[in-house]
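As recorded in Swiss-Prot:
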- 29-49: transmembrane segment (TRANSMEM)
- 58-161: domain 'FAD-binding FR-type' (DOMAIN)
- 141-156, 167-204: FAD binding site (BINDING)
Amino acid sequence: MSAFSPENITGAFIPSALFVAGTFFFKQELTPFAVALAAVLVGWKVFSNKPRKVLNPGDFQHFTLKEKNDISHNVTVYRFALPRPTDILGLPIGQHISLAATIGGKEVVRSYTPISSDNEAGYFDLLVKAYPQGNISKYLTTLEVGQTMKVRGPKGAMVYTPNMCRHIGMIAGGTGITPMYQIIKAIIRNRPRNGGNDTTQVDLIFANVNPDDILMKDELEQLAKEDDGFRIYYVLNNPPEGWTGGVGFVTPDMIKERLPAPSSDIKVLLCGPPPMVSAMKKATESLGYTKARPVSKLEDQVFCF
C-alpha cells in the first residue's frame, strides 16, 4: 500500500493537518507539540497499513477458513483469512505452501500452490480437487467455515523473476495448472502496458480427461484474450464433437509444434499427475531439451514442480 493511498490520506494526513491547524488557531504556543504528535500518528498509520508477510518456513501456523466455493462436484476453491486485512502470504512467484492435518493418528503434509497472489491482501485461495485416495484433499472437504488449517511455507526451487528467460513452455495436467496460472498471471500483470517490464512469451499445453475437467478455463481464456504473448492449447482424452484441440495424451509432436524449441534462453515447466510428468520428461529429452533431473533446480531447462 502506498504511503499516499486514499486510506492513509483520509485516515492520517487529513486528520493530522486539521489537528495541527486547530491547535495553531486556539493555542499557538502548542503548535510544535501538535506537529510532533501528528507526525507520530501519520507514521504509525502508514506503518500499520504496510503489507506484512505472514508465512514462516520453519513453523506451521493456523489460518481460518473464510469461504468455500464449489467449482464442480469434486473441485473447490478454499479461501483462508490472514490475521490482518493488510497481510499478505509473502509467497514468491512459482513457490508453494505445505498444508498439514492429523489423519488416522498421523500427521499428513501435502503441497499446494495458491491461485491468489500477494496483490490480494487479507486472504489466500487454494483450488483443490478431492481425490478418493487424497488425504489432505478429502480432509479439506470436511473443513467448515471458521475452522483452521495448518500452513507452512514458502517452499520450492522455482522463484520466477521477470524476463528470467525469453520464452516459457508449459505442460500441465489437471490441478497441475495452479503453479502455471500463478506464473502466467504474474507475467501478464507485469507487462510494459501495465507499468512493468516483463516481455516473456508463454505457451501452455493443458491436458485433461473431459471438457468439464478444464480448471479455471474462463480465467485462462480471459488472460489469453488480453495478452497476445500468452497462448493455450487444450488436449482432451474424451473430446466433444467438433473439438479442434488435441486428442489423447500430449505427444512429442504437440510439444514440438506448440512450445519453444530447445535453446539457452527458454524453459519448459511441467506439473501434473506423476505418470504424465514422467512421460513428458522422456518426450522433452527425445526432442533435444536438457534431460530433467529427478529433483529440479531453478537453472534447469526442463523444470518439474
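Every residue gets a Cβ built from N, Cα and C, even glycine.
Fair warning: this is a prediction, and the values are worked out from it, not measured in the lab.
Between the listed binding-site residues, namely A172, A186, the fewest other CB atoms within 10 angstroms of a CB are found at A186. Least crowded of the binding-site residues (T148, T200), judged by neighbouring Cβ atoms within 10 Å of its own Cβ: T148. Take the binding-site residues K155, R193: by the count of other Cβ atoms within 10 Å of each Cβ, the lowest one is R193. For the domain 'FAD-binding FR-type' (58-161), residue counts in helix, strand and coil come to 8 helix, 48 strand, 48 coil, using DSSP. Same-chain residues at least 6 positions away in sequence with a Cβ under 8 Å from that of T141 (FAD binding site) are, in sequence order, T76, A130.
Cβ-based neighbour count (10 Å, all protein chains) for P179 (FAD binding site) stands at 27. In this structure, T200 (FAD binding site) belongs to neither helix nor strand by DSSP; it is coil. In the predicted model, the domain 'FAD-binding FR-type' (58-161) has a mean pLDDT of 96.
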